[in-house]
């Protein structure tokens, strides 16, 4: 499973769902304009 809000990802971007970014070790939602 992939992670969404506040999911711990460390430095691994693959821990976050598509459309989410690993930021400060947690998954954050990213809006592509």
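Even glycines carry a Cβ here, placed using N, Cα and C.
Features of the protein shown, as given by Swiss-Prot:
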- 2-17: disulfide bond (DISULFID)
- 9-22: disulfide bond (DISULFID)
- 16-27: disulfide bond (DISULFID)
- 33: tryptophan amide (MOD_RES)
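Feature map: Swiss-Prot annotations on the structure.
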residue : record         : DSSP (3 states)
2       : disulfide bond : coil
9       : disulfide bond : coil
16      : disulfide bond : strand
22      : disulfide bond : strand
27      : disulfide bond : strand
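It is 16 that, of the disulfide-bonded residues 2, 16, 17, has its Cβ surrounded by the most other Cβ atoms within 10 Å. Here the CA atom of residue 2 (disulfide bond) lies 5 Å from the CA atom of residue 16 (disulfide bond). Listed in sequence order, the residues of the same chain lying 6 or more apart from residue 27 (disulfide bond) and placing their CB within less than 8 Å of its CB are 3, 4, 5, 6, 7, 9, 15, 16, 17, 20, 21. In this structure the C-alpha atoms belonging to residue 22 (disulfide bond) and residue 2 (disulfide bond) are separated by 11 Å.
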